[in-house]
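One structure is given here, and the rest of the page talks about it.
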Amino acid sequence: MKEVYLYGLGANLTFAIGSQIFTIYSRQISSSWMNCFKAIIGALAFGIFVSLFGSWHSIEPKYFALFFFSGFMGLGIGDIFLLKSFSLMGPGRTLMIFGFQPLLIGTLSYFVFDQALDPKKFLAIFFCILCLATFSLESFKKSGTWDFRAISIAFIGVLLDGIGVIITRYSFDFNPELTAMEGNFHRCLGAIFAFILLSFWKPFNFFSKWKEQNIKARSILIFGSLMGTFLSLALYLKAIQTAHLATLSGIAITGTIFSSLLECLVEKKWPSRYLVVSFIFFLGGMYILSF
């Protein structure tokens, strides 16, 4: 079980680093472009890793389709909303909302995997509401609006990602020999397919935007994608392969801490009092989820 926590901690740290880069380029280019790029880098990295250091295992078409669909939903559509929320609210605030995802995963796990769920943990919903109310109050003080749009976008991302996690765990349960790297490769293919479809409806000029980036920007984009997609997903899926899904909620706090600290460093400013208050509410919710 200790290894599970180390995997979860590593996943949160690498994603926190990548999220800062995702935020910058989602604002500069677009969330769809950034998501498509990181999905491509992720698929290449996972494919190369398995080919060089592992082996490919056979998988039934229906389970491949489930991995593919989970990537389509979570890494594709879900991450569009997540990165859009990054650009609107910042990664620290978004990941506080994301930290309450175990409430959703825990509930779904109860019905799908028959995993035990303590009803008292739903008290964490109260702290989640307080956390969101603080974000809305901060927005109202700054701009005169409650900014429900950004919060709604974040919640849609959380919901879609949670569904993707449940489908992924279900597929792993029927394919125990499959490695996390292989599972992530299949999921990244699903995400890429989502962006191919999206490009027909709303073109985001992938190749032309890539050509506009200088060598430094390209290096940063590749580094961020490797950290926030390849390493983060590899460690996270390694954790959810064997962990009690709701157990990972205890580690969620680290991702928020890492992202909030890095956000303050990148933007070179102290955290606002609203961020501090919302973080206290977040701690309360995580305490209930963890014990």
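Just so it is clear, glycine is given a Cβ too, placed from its N, Cα and C backbone atoms.
As given in TrEMBL:
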type: DOMAIN; residues: 5-133; note: domain 'EamA'
type: DOMAIN; residues: 150-290; note: domain 'EamA'
type: TRANSMEM; residues: 6-25; note: transmembrane segment
type: TRANSMEM; residues: 37-57; note: transmembrane segment
type: TRANSMEM; residues: 63-83; note: transmembrane segment
type: TRANSMEM; residues: 95-113; note: transmembrane segment
type: TRANSMEM; residues: 119-138; note: transmembrane segment
type: TRANSMEM; residues: 150-172; note: transmembrane segment
type: TRANSMEM; residues: 184-207; note: transmembrane segment
type: TRANSMEM; residues: 219-237; note: transmembrane segment
type: TRANSMEM; residues: 243-262; note: transmembrane segment
type: TRANSMEM; residues: 274-290; note: transmembrane segment
To the transmembrane segment (150-172), which of 6-25, 37-57, 63-83, 184-207, 274-290 is linked by the most Cβ pairs under 8 Å?
63-83
Out of 6-25, 37-57, 63-83, 274-290, which stretch has the largest tally of CB pairs under 8 angstroms to the transmembrane segment (219-237)?
6-25
Taking residues 6+ outside the transmembrane segment (184-207), which of them lie with a CB under 8 Å of any CB in it?
29-30, 32-33, 35-37, 39-40, 42-43, 46-47, 50, 59, 64, 67-77, 79-80, 164, 168, 229-230, 233-234, 237
Could you give me three numbers for the domain 'EamA' (150-290), the DSSP helix, strand and coil residue counts?
122 helix, 0 strand, 19 coil
